[in-house]
Amino acid sequence: MANFSPLTVFISVTSLAVFQFLFHVGSSWLSTRLTGGFHKLSARQKIEWNSRTVSSFHALVVGCFCLYILVYDDAVNADPVWGDPFMVKLNVAVTSGYLISDLLLIIYYWKEIGDKYFVTHHLAALYACYYVLGEGMLPYFGNFRLIAEFSTPFVNQRWFFEVLGYSKYSLPNMVNGVLMTISFFIVRIAVIPIYYGRVFSTFGTEAFHRLGLGAQCAWIISSVSLDIMNVMWMIKIAKGCYKVLYHRDGKLTKTQNNGKLE
């Protein structure tokens with residue numbers, strides 16, 4: 001039986017309200033002061049711009065909190081399956097509020113930013129949040145997954161540069177592309193052995209059996225599926241980064257041989 005504490009419900013609702021405010025007010029207010037290009041965007045682009053701004057803010061908040069928990073929350077680190085999930089619940093509650101907020105925006109602005117993949121992703125993520133918030137299960141693993149959010153701001157920044165008219169060979173775009181590739185590898189690929197090392201360490205334990213077959217299957221299947229997608233995305237991102245760097249180098253060599261630089 002799910003047991004959502006009043007505190008986690010309050011944080012989730014507050015999180016939803018804050019992210020709605022940031023989308024409708026905060027993002028536009030800040031963006032107009034950071035770049036004049038925001039005024040030149042179409043209404044459709046402004047909607048996606050605000051959505052991605054909120055996405056980046058959420059990623060930084062929960063990512064930093066995730067790292068803090070991984071380093072300092074002894075209870076969760078000592079018992080990754082049933083350790084005291086209080087700190088993790090706070091972080092996951094913030095994420096739940098964001099996911100619900102983003103789902104509402106996707107549905108309301110379906111013509112502009114509607115995407116069946118993101119709806120499926122958000123619903124699956126909320127299902128995972130249920131196990132942490134409602135059942136107190138798998139706090140370490142639920143929190144560990146949030147470290148992947150650190151790559152999100154770089155992905156969003158690539159889109160910002162694109163709509164602002166930056167060339168893919170421009171220095172800011174190339175630096176961001178390299179940072180995106182590196183961050184994606186570190187927080188989504190390099191951590192895979194660490195994650196599954198902790199997963200395998202729980203097999204056969206009393207804590208693992210207490211989960212029940214349903215939670216066990218949901219946990220393992222979702223983890224493997226997510227990491228398969230991460231590997232596929234990593235390959236695509238790495239190829240794109242290599243292609244841009246290789247062609248940029250080729251262009252510089254060609255222009256230098258012609259006696260001028262573009």
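Counting starts with 1 at the first residue shown.
Backbone N, Cα and C atoms are what each Cβ position is placed from, and that goes for glycine too.
Feature list (source: Swiss-Prot):
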- 6-26: transmembrane segment (TRANSMEM)
- 44-246: domain 'TLC' (DOMAIN)
- 53-73: transmembrane segment (TRANSMEM)
- 90-110: transmembrane segment (TRANSMEM)
- 122-142: transmembrane segment (TRANSMEM)
- 177-197: transmembrane segment (TRANSMEM)
- 218-238: transmembrane segment (TRANSMEM)
Point to revise | Cβ contacts under 8 Å made by the transmembrane segment (218-238) with residues that lie 6+ beyond its boundaries | key: 124, 127-128, 131, 138, 141, 145, 148, 180-181, 184-185, 188-189, 192, 195-196, 199, 211
Review point. So what's near the transmembrane segment (6-26) in sequence-distant terms, Cβ-Cβ under 8 Å and 6+ beyond its ends?
Key: 50-51, 53-54, 57-58, 89-90, 92-98, 100-102, 104-105, 133
